[in-house]
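Asker: Before I ask anything, let me first share the structure, which is written out below as structure tokens.
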Amino acid sequence: MAGLRARRGPAPGLLALSALGFCLMLQVSAKRLPKTPPCPPSCSCTRDTAFCVDSKAVPRNLPSEVISLTLVNAAFSEIHDGAFSHLPLLQFLLLNSNKFTLIGDNAFTGLSHLQYLFIENNDIWTLSKFTFRGLKSLTHLSLANNNLQTLPRDIFRPLDILNDLDLRGNSLNCDCKVKWLVEWLAHTNTTVAPIYCASPPRFQEHKVQDLPLREFDCITTDFVLYQTLSFPAVSAEPFLYSSDLYLALAQPGVSACTILKWDYVERQLRDYDRIPAPSAVHCKPMVVDSQLYVVVAQLFGGSYIYHWDPNTTRFTKLQDIDPQRVRKPNDLEAFRIDGDWYFAVADSSKAGATSLYRWHQNGFYSHQALHPWHRDTDLEFVDGEGKPRLIVSNSSQAPVIYQWSRTQKQFVAQGEVTQVPDAQAVKHFRAGRDSYLCLSRYIGDSKILRWEGTRFSEVQALPSRGSLALQPFLVGGRRYLALGSDFSFTQIYQWDEGRQKFVRFQELAVQAPRAFCYMPAGDAQLLLAPSFKGQTLVYRHVVVDLSA
């Protein structure tokens, strides 16, 4: 019996003690064996570090306590917004010998504890402006041995406590895009190792820190399309009346002289009024003794003078211009000599004569007949050195210069511009102490002549086949020349003071311009281009800082 009882096994109490002891052994073993942290196959990890080689993307499955990450020879080329935001405790980040070509805006967002960032030996040409946004704790930054050619302006602005910066081993192009860096290096408290220019040739191997700011010519200008007036026009004349800015446009296509008003709030030209004019070629506004008059010159149906009545707020016809004197007007010039107001009309009729009219008390009266029988096309009034002159041109003979005689109170023929016998139009400008004439030609090159007393010397020839309009104008100290054509786009030239000639500056898509008009409107500097075949375009002159 005793043997049978022995085969029944250990007592229940002994089994319970054995089970308890086994559990305690398991707990002790669990405490002795460290838990393996998560780690991607391309990385080697400890509890707070990760070293990754040949990764195909920024590793995601990393210990949350990681404070140091190294990426070497990564198989991806771009780092995008928030790429490391899953590692908020990161303090050290090394991106070395990778194939990175792009690091985008906010690439390191969420790394508010990052102190050391090394992006070295990659193939990055440039960085985004906000690449380093959010790195408020960064003290050491290395961008050494990349292929950086430029850096966005103020890229280091978010790095408030940056102590050390390394930019060595890059291919910096020291043009206007780097000017801001030269300025920043001169004032920053950050320690920056010497860096050198790779280009352009004149700065090659020069230390960036030593570049003189005066060597950077970074301010340029541009004419940008500002407003489109959806109608053709053949002349444009801005004028001020009662402290407001207006524009008079001759529009034979709609049988009117259209008056536009500048809206200083909307900063646009708005419709204001119209004067009936079935065949208008020029609408010339004149403000005489605070009264507004508009001379309406027409090819057919006679020419007239209108007066603005502020009481009825409308234009009323003041007088007719004798059709026997003015048959086919082509251009108008208004000017003041010794306190008296005049306007001259260029007559393109074979039987007509260019005529001068003078204001007297209540109207304009015929004052002088000039240059009869020559089919004149253009007038230019020049008031220089106290000697008022009027230049009359047409396409069949040399332009004629008339000088005002204060004794006779008339224009007297002074000479001709024989260098250009077929000028379609003549304009003038002054540069320094010298006076110049610009003469446009429909066939052949337009000419720039220096005016030297009674002599003229050619300065420049400008290709201009099909040109019926040119205009020199001055904007903020910069001198330009607009040269139009019926066969090609308008060319804008800029005056080169050193070379004393115009250089090609910009091309404007204007079809068949008939005039160019510079109009300052508050802080907007505008160039108007009335077109005979298309829309009338308004361009704005803007100043561009290439270092921005």
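Note that Cβ sites are derived from N, Cα and C of the backbone, with glycine treated the same way.
Taken from Swiss-Prot, the feature signal peptide covers 1-30, and the record attributes it to sequence analysis. According to Swiss-Prot, the feature domain 'LRRNT' maps to 31-64. Under the heading repeat 'LRR 1', Swiss-Prot lists 89-110. Feature annotation from Swiss-Prot assigns repeat 'LRR 2' to 113-134. The repeat 'LRR 3' annotation in Swiss-Prot covers 137-158. Marked as domain 'LRRCT' by Swiss-Prot: 170-220. Feature annotation from Swiss-Prot assigns N-linked glycosylation site to ASN189, ASN311, ASN394. According to Swiss-Prot, the feature repeat 'EAR 1' maps to 222-264, an assignment based on sequence analysis. Positions annotated as repeat 'EAR 2' by Swiss-Prot: 268-310. The repeat 'EAR 3' annotation in Swiss-Prot covers 314-361. Positions annotated as repeat 'EAR 4' by Swiss-Prot: 363-406. Taken from Swiss-Prot, the feature repeat 'EAR 5' applies to 410-453. Positions annotated as repeat 'EAR 6' by Swiss-Prot: 455-497. What Swiss-Prot lists as repeat 'EAR 7' is 501-543.
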Asker: If you average per-residue pLDDT over the repeat 'EAR 5' (410-453), what number do you get?
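Answerer: For the repeat 'EAR 5' (410-453), the model's average pLDDT rounds to 94.
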Asker: Cα of ASN311 (N-linked glycosylation site) to Cα of ASN394 (N-linked glycosylation site): how many Å, rounded?
Answerer: 42
Asker: I need the CA-to-CA distance for ASN394 (N-linked glycosylation site) versus ASN189 (N-linked glycosylation site), whole Å please.
Answerer: 68
Asker: What kind of secondary structure is ASN311 (N-linked glycosylation site) part of, going by DSSP in three states?
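Answerer: In three-state terms, ASN311 (N-linked glycosylation site) counts as coil.
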Asker: What is the total of other Cβ atoms whose distance to the Cβ of ASN311 (N-linked glycosylation site) is within 10 Å?
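Answerer: Taking every protein chain into account, the count is 5.
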Asker: Given a separation of at least six residues and a C-beta threshold under 8 Å, show me what packs close to ASN189 (N-linked glycosylation site) in the same chain.
Answerer: none
Asker: Return the count of C-beta atoms lying within 10 angstroms of the C-beta of ASN394 (N-linked glycosylation site), excluding that atom itself.
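Answerer: ASN394 (N-linked glycosylation site) is surrounded by 23 other Cβ atoms within 10 Å.
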Asker: Can you tell me whether DSSP puts ASN189 (N-linked glycosylation site) in helix, strand or coil?
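Answerer: Looking at the DSSP assignment, ASN189 (N-linked glycosylation site) belongs to neither helix nor strand, so coil.
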Asker: Looking at 113-134, 455-497, 501-543, which one has the highest count of Cβ pairs under 8 angstroms to the repeat 'EAR 1' (222-264)?
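Answerer: The stretch with the most contacts is 501-543.
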Asker: In terms of Cβ proximity under 8 Å, which residues at least six beyond the ends of the repeat 'LRR 2' (113-134) contact it?
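Answerer: Sequence-distant neighbours of the repeat 'LRR 2' (113-134): 67, 88-107, 140-156, 158-159.
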